[in-house]
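Colleague: Please see the structure below; I have some questions.
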């Protein structure tokens with residue numbers, strides 16, 4: 001039975017574990033109206049799935065161990081960082097309209113469960129694989145992408161936390177460190193590291209297993225169009241939209257991929273929208289003439 005629990009690719013098992021884990025935290029949140037554990041529940045769910053699938057399969061191939069280790073490192077770092085941050089800042093503003101609306105709260109937690117299970121697919125399939133192949137260029141490339149992505153994400157998170165915790169920066173937007181070159185460098189880092197994990201998983205993928213590419217694609221679309229950049233851009237535009245310096249920051253700063261402001265500012269808007277993710281969606285609360 002080892003390595004074939006419910007199904008040979010652990011798809012049903014990881015789905016059941018993920019739904020159960022998220023359901024438990026949803027009940028805590030709904031009954032106690034305590035939303036400080038939300039991000040912790042999402043991040044640690046990745047860690048549980050990585051360790052569980054690796055241990056159940058029991059083959060301990062080098063590629064399986066490395067990818068599982070990378071997920072554990074990412075998940076623990078993010079979980080501890082987000083938990084520490086929310087304990088410092090207080091309530092999570094994302095839930096202001098959900099705490100008294102059980103339906104909206106449930107939809108959020110369902111979406112979080114889908115996010116965890118889907119994004120973990122590449123590692124889940126690698127850990128369910130019985131064969132072992134020699135290391136390939138894709139492994140090294142993927143690991144490098146993960147390392148660079150984690151460095152960017154962790155650096156951006158820490159710089160913003162320090163900025164926000166400084167009393168003199170109250171009521172200001174973060175434009176220090178790596179945030180000078182990207183309005184959302186943490187999301188760029190997260191996308192890069194998960195695409196790196198997919199690349200490192202490709203040497204063992206066969207046939208329909210290639211569908212695990214839906215994991216990094218789902219994450220990318222989620223951050224670009226749903227719960228990532230659009231929400232933060234809208235919030236910042238509402239707070240600082242009438243501030244000249246903020247408008248200049250948006251004009252000069254790439255929304256995602258870090259670039260020197262002097263370079264980004266002089267690019268035509270059509271190029272930014274086509275290749276650098278400067279979608280009109282991110283600027284709908286600002287006068288269009290200020291963004292060309």
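The backbone N, Cα and C atoms fix where each Cβ goes, glycine too.
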Colleague: Looking at 211-232, 233-254, I want to know which stretch TrEMBL calls transmembrane segment.
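Modeller: The listed stretch tagged transmembrane segment in TrEMBL is 211-232.
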Colleague: Take the transmembrane segment (211-232) and find every residue of the same chain, 6 or more past its ends, with a Cβ under 8 Å from one of its Cβ atoms.
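Modeller: The answer is 94, 111, 115, 118-122, 124-125, 183-184, 187, 190-191, 194-195, 197-198, 201, 205, 255-256, 277, 279, 281-282.
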